[in-house]
Amino acid sequence: MPERLTEMLMDTWTPLIILWITVLPSIYMAPMNQSQVLPSGSSTGLKRLNEEQRVLHRSKRGWVWNQMFVLEEFSGPEPILVGRLHTDLDPGSSKIKYILSGDGAGTIFVINDKTGDIHAMKRLDREEKAEYTLTAQAVDRDTNQPLEPPSEFIIKVQDINDNAPEFVEGPYHATVPEMSLVGTFVTKVTATDADDPVYGNSAKLVYSILEGQPYFSIEPHTAIIKTALPNMDREAKEEYFVVIQAKDMGGHMGGLSGTTTVTITLSDVNDNPPKFAQSLYHFSVMEDVALGEPIGRVKANDLDIGENAKSSYDIIEGDGMDIFEITTDAQTQDGIIRVRKPLDFETKKSYTLKVEAANIHIDPRFLSGGPFKDTATVKIVVEDADEPPVFSSPTYLLEVHENAALNSVLGQVTAHDPDVSSSPIRFSIDRHTDLERQFNINAEDGKITLATPLDRETSTWHNITIVATETRNHSQVSRVPVAIKVLDVNDNAPEFASEHEAFLCENGKPGQVIQIVSAVDKDDPKNGHYFLYSLLPEMVNNPNFTIKKNEDNTLSILAKHSGFSRQKQEVYLLPIVISDGGTPPMSSTGTLTIRVCGCSSDGTVTSCNAEAYVLPIGLSMGALIAILACIILLLVIVVLFVTLRRHKNEPLIIKDDEDVRENIIRYDDEGGGEEDTEAFDIATLQNPDGINGFLPRKDIKPDLQFMPRQGLAPVPNGVDVDEFINVRLHEADNDPTAPPYDSIQIYGYEGKGSAAGSLSSLESSTSDSDQNFDYLSEWGPRFKRLGELYSVGESDKET
């Protein structure tokens, strides 16, 4: 107890003692030599001590000679005296001048150049800057010459407890499993103090809990938070709010403190078993429910969460273990009861099941608390439903020979109504599966008969669907597939596999194989095909050829002699009879064409035509054909060239650089004048399209053909031609069938009011010889050119 009291007193009075020493440094400098303030080696005079003092006295050192101290945050009316510099070279005559340089010299620290006193002019903060390095030097006041080398020293800022602890990383969040033992680690917090951790207890922190007891505790010096109570249950309380305090000065009175909050959440463990909401469940289900369809749900609640709350369901007892199954809904954790096998009300009307729910993830620490499972009873009642007919078999297979008689019975299907009422059944064929209507069925007894002849070679299998319908409820329908296999009978004769044409060399030898032929049969006997080959009875003694049956069911044609000649006979026809071994046997006759050909020495066929003998020696038929083809090709080219030359048309577009309007076309015919009514038909002028429609342009073929528009009926001669031409012009402008190219419109009406007058000879009263075309020069260069042409023409005519 005395030691603790002493420590508290020291912590309380230390700042006052330091302040007193700093303010009154001369008290502690008195027993020291005047040169102790400067560092050793600064000057010879400063380093020397009075020999007598060294002998007679032992100097007591009150501080480190090259350091000074100043208390931080000190503020007063006068600058604080930090220390005094003095050299033994100073006789007191004020000829020594003290100079200070370095960190804060002149601003923070000021020296009295006569006395050497150093004062702090500003309030200092150790957390901002802990020490200052300065340099002092003594110089002659008159000459400014240094009396000794400069000496460096340090002014340290003494710390005071002016900073409270801070939790930089707060607020904190932590988790700890529920039901944890006392002393289980939760988390660790950390506070920092900006004060000097070396000097005093300003930065010595002690931690404590202000809120959160008695559930949690904290280590005072390590700040580790632990559980303080056992068996904390998450289901009772999940989250705790803890306030932590950090106090400096070792936690003593007068220390500064800081706080932070820690939110502690209890994580879940599997400490609760599942529990059914009720011990007995009742469900009802129709007997025609589809397999796999859910019929009900059961629920086992678990106070835990997440993986610890997951349960699995099983049917452990009951008379319907093979009829029903139960699965777990991953989202809701419900047990879903489903139908595994078909139900039948007439067979069994109710079932009793015992279901169990058990946790999937079990914590062994809590097994002593009891089994983590629960059971419940489920009663299921099957309700009657109007069921469709049931066939005696899920599929039927019938066999019939392809030569079966019409209306013969192929087989029978049967079905019954499983309901208690037992409605009569009617049968029918789904005609979508029997489009050709080859089969019929008796609606009463289900006998299937043949409606049309069968052909195995066309279709071997017939798949139809039989429909059974209740007569009392036509909505109750069942279907069953019926496969009908058509069995083969020997109703097809064998025949050659392909059309054969054999080639026989003139230089062939007797017994040489000319051709090997094979046969095919559309029938499909059980033991495979076996063909018999023979010649017609009248050709059994054929002098030229014979046949030989091979082991692979083929036939070889052989020559009986040599010396065949194309001159004598070019082609031979050999009828061959092919029969099978079926019942009844079927046969056919095929004719083999044998052509006599010329062959090379190695047996290669070169020519099979009799005319080859009249060709020159060394010229083959192929060469002759090539020569003939070349001649024909040349003739065709010549004919085409001549035809194109004859039918070459003059271009319709005048390519001459001269203007088309400067071309003059002269005719030798001259009209009879205005009184000449025989030169043209006024009716034709009034209806130029004619009775049969318009006259098409012959120099260009139009892309589209249009029906000719109906011409107007002839008008009397008294109609004004001017009006007629205007009508025709309007009609041509609005005609959709008008060609897109330029065309010439010819009118008999000349018009009135022309400045040039009429150029027609109909009104001319003079002859051609009296015409003077010089006046045309006044109408412009084009008419001038026209006048010159006419003048030249007239002069040529007179000449």
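Positions of Cβ are set from backbone N, Cα and C atoms, glycine also.
Automatic, uncurated: that is what TrEMBL annotation is.
As annotated by TrEMBL, domain 'Cadherin' applies to 87-167, 168-276, 277-391, 392-496, 496-613. Residues annotated as transmembrane segment in TrEMBL: 613-642. Residues or ranges marked as compositional bias 'Low complexity' in TrEMBL: 753-770. For 753-774, the entry in TrEMBL reads region 'Disordered'.
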Per DSSP, what is the residue count of the domain 'Cadherin' (168-276) in each of helix, strand and coil?
3 helix, 46 strand, 60 coil
Within the predicted model, mean pLDDT of the domain 'Cadherin' (277-391):
91
Using DSSP, what's the helix, strand and coil tally for the domain 'Cadherin' (392-496)?
3 helix, 47 strand, 55 coil
